[in-house]
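Novice: Dumping the structure here so I can ask a few things about it.
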């Protein structure tokens, strides 16, 4: 670069001096606006050198570890975070640490379609849409008030039906694609002032925003395109044409890489923002076309995604699809995810201290001062704690422990109730019980429900007192035992050997009952004998207890092994008149309410539902005959033309059966067609089995019988290189639950809901019903 200047102006020197002073200013800003704000001066040293460079020494391993406690929530987030949505919860996941923070639990609606999520970058709102019910909700994060609360933005009763959406954080708008209006709608952040931005004759699928450049990117459901327009709906152009896209495809803008990503079933495709340089990124794992990617996000050099094969995991690959890793796992199948660039609030459910081995704080533990040291929390460091105890982590609320219980002289109990998750941080009074009062002194503590466990903000208590947690008797340590295996009486001198005991049922000779014309013989009476081996060479004493229905009916204690013969035998006289040992078992077939129920599809094709409704349907392609989300369990059938040169009929040439994570597939055709048949010489059969208990498969002369774990039976036969018939016998687990071309089985054999549309519910049009299950 050349610089032109006049002789009387030393411009290069002025420029250089400005750059130097500006750099010094930035260094001062870093010190006073960052270091001095977030870190106490006792925890760092700042050295500025005469070379205009600076060095920092910290008292901890990294910056977050030395941040002032009161500034933890305000400290900027330098790590990649994901907000993740499954069917029940919203999570925040730190991808560096793989820590998972639950933000919301018990989501409303929970339709069968995948939820979608987005957030406002400055106003502390996280939004989500349920496209099945057409609802939109939001929650506040991060915030101090109303955290974990759910606010309804678009209710189920609304005339609008959002299926995909994106937040415009710069202009405080929500944009969503609406299936009721076949349009893109814009509203305020509270759902008010709704305006149609784009009207389409086709359905509009997933959409996303490029707010910086004022673009909307949206997918055309019908023709498989990604289009772009301005935020006011003008200047529409087609960016991507991809006929394989479906209404479940997702769009992601990668501003750093200058690319647009979209999902096609189990793959991710990518192109420049102008639609050129299309590339394909294979997802890791099962590549069966039935599986699809649900959520996708990008950060630096990595793509994060989830699919409906390993749905609970956040998967990570580089931009080429290589170097697969699983980054985190949540409770249920993930619906959607977004990189979260907003402020992160430290959650005590993740950042707590551990209070380990807290069993002796149980209300069932009575302190024996002759052998136990009293627990006292007078030196406890104030802060958030999670209690780890085999006896539970709940503080007692109603059953007062009593003095000398909970391992201390004066136990603290909770004078209130434990919070629910939605309550957030809850301040509750804890009371110290003494011989004079049940609440002689009190300490206010904070409790936070973490969806499965509680954390407690504890403060020091007076001397000779401590907090109670859990209930019930406390088990002896591993190196000790007692007569009951619980306190009191635990001792290292007590035998700790484990014995393998077997009870043998025998017949022994009883009294002789005379029978005319026969030789006298003794009767046979039943006895039970307890068999075990002595491991002490005769030095242990044994207590032998016989129980029936949990009740002790015979016991002998403190017996040496040589004296134990009678104690280990239970005779008829021990239970006679008290218990009836001849067991009577009533066997009830719960499936009898579905006796003679059968869904069938046989070629041409003809259908009969579980409740006996007959119909004809000549569709070509893959259809869902049976669907039960309990497993999940699925039966799909593949239909093609029955004859060459003839349209209007269809025959079965394939079947796919899913049971949980296992998949059985049989196919007799190479391709499907409306007018031609392309049959294989031999069927292709494949089985992807993750657990041998997922399904039972029997094949006899091309007659298959497959039984699912819920007792649903699928039978089919191969004849003339077609599958001639598919029969599905339902179980009680299918009642009012199963759906598909087989209809909905009911106990009353009511066919009125058999034509249950995949999305619209019960209808009367058999073609529309069957089309929806393709």
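All residue numbers here begin at 1 and follow the chain in the order shown.
A Cβ is built for glycine as well, from the same backbone N, Cα and C atoms used for every other residue.
No curator has checked TrEMBL annotations; they are predicted automatically.
Below are the features listed in TrEMBL for this protein:
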type	residues	note
COMPBIAS	750-761	compositional bias 'Basic and acidic residues'
DOMAIN	597-774	domain 'VWFD'
REGION	746-774	region 'Disordered'
REPEAT	172-213	repeat 'LDL-receptor class B'
Novice: Quick test of the contact rule: Cβ under 8 Å, at least six residues beyond the ends. What residues does that give for the compositional bias 'Basic and acidic residues' (750-761)?
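Specialist: Beyond its ends, the compositional bias 'Basic and acidic residues' (750-761) has Cβ neighbours at 132, 609-613, 624, 739, 743-744, 768-769, 772-773.
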Novice: Where else in the chain does the repeat 'LDL-receptor class B' (172-213) make close Cβ contacts, counting only residues six or more beyond its ends and a cut-off under 8 Å?
Specialist: 116, 120, 123, 125, 127, 129, 131, 134, 136, 153-154, 159-166, 219-223, 229, 231-233, 236, 245, 247, 249-253, 255
Novice: Mind tallying the region 'Disordered' (746-774) by DSSP state, helix then strand then coil?
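Specialist: Summed by class, the stretch gives 9 helix, 4 strand, 16 coil.
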